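Chemist: Here it is: the structure, laid out below.
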Amino acid sequence: MACNIPNQRQRAMSTSGESLYEILGLHKGASCEEIKKTYRKLALRHHPDKNPDDPSAAEKFKEINNAHTILTDNSKRNIYDKYGSLGLYVAEQFGDENVNTYFMLSSWWAKTLFIIIGLLTGCYFCCCLCCCCNCCCGHCRPKTSTPEEEFYVSPEDLEEQIRTDMEKDMDFPVVLQPTNTNEKTQLIREGSRSYCTDS
């Protein structure tokens, strides 16, 4: 079974942004009023209902309609003027707001920077080590102020500490009981605050 391929070459994406203006017979930077006026004139001339015998009239009408749709939309027109039909294709794929980012990242200097950083970091291996492992197997880890041995407390020392704390508590019995509180009791006394329990 043979494939139905048209004899026409598929249109290449332009980056100049002039072919839609040429379809309407205008210069780049034409005003919206000029675009509308020219569109009406060409649409009437190439409308398929007015040219039923001409099969190319329908294709020409579609091209004119497409050019008018793009050039009357300010966002699409700005993208087309700056990046051409390739910019419109990128806008369809990634959204209008990401067109500038796409072309910036696909520029020669961004690709070069990406390659240089990749080479300097060993295919980005050092970047992973900096984020995950404090770089170079921990050699760049921040130093702690006290050695780790001081954090170890033997069980005997811990028991001795508990005994001495209990003996101190027995020497000083609780003398004051908490007072009853209600809604009118002030939680913070006016005057100087004292955190000492000795009276």
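Even glycines carry a Cβ here, placed using N, Cα and C.
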Chemist: Which candidate in Ser16, Ser75, Ser85, Ser192 appears in Swiss-Prot with the annotation phosphoserine?
Modeler: Ser16
Chemist: Quick one: which of Ser14, Ser194 has phosphoserine in Swiss-Prot?
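Modeler: When Swiss-Prot is consulted, phosphoserine appears for Ser14.
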